[in-house]
């Protein structure tokens, strides 16, 4: 979906001014577009081991950031679920699309079920930039 320069400016100013009402008015046009949602932008933060020589190693976590546009609909024309997207993006950490075996993810500080549809997550929990941000917790 395209946004006019005026709407883009209004959206940006709403973010800067912390004007939730104005932001929602414009952002709802993006989230409730007249056409079907094709992709969901996902950003995943995966913990990595930092430099072992650092004395403050445990105090300063490092993350590898993986981001991708994931199809909102799976090949069988059903809504794509979070577990399916995680298995596609990080098969080494998420060998199962149904259950967290090696790792789980949190969003906004809460665990997210693997059976959650991506489109629903995007509409309800995306950050103002439109991305779903997930943090991996190794089990």
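The count begins at 1 with the first shown residue.
Placement of Cβ uses the backbone N, Cα and C atoms for every residue, glycine included.
Under the heading domain 'Autophagy protein ATG5 alpha-helical bundle region', TrEMBL lists 1-32. According to TrEMBL, the feature domain 'Autophagy protein ATG5 UblB' maps to 39-136.
Mean pLDDT of the predicted structure over the domain 'Autophagy protein ATG5 UblB' (39-136): 89. Within the same chain, residues 122-123, 126, 128, 130 sit at least 6 positions outside the domain 'Autophagy protein ATG5 alpha-helical bundle region' (1-32) and bring their C-beta atoms closer than 8 Å to a C-beta of that stretch. Sorting each residue of the domain 'Autophagy protein ATG5 alpha-helical bundle region' (1-32) by its DSSP state yields 24 helix, 0 strand, 8 coil.
For the domain 'Autophagy protein ATG5 UblB' (39-136), the DSSP counts in helix, strand and coil order read 19 helix, 36 strand, 43 coil.
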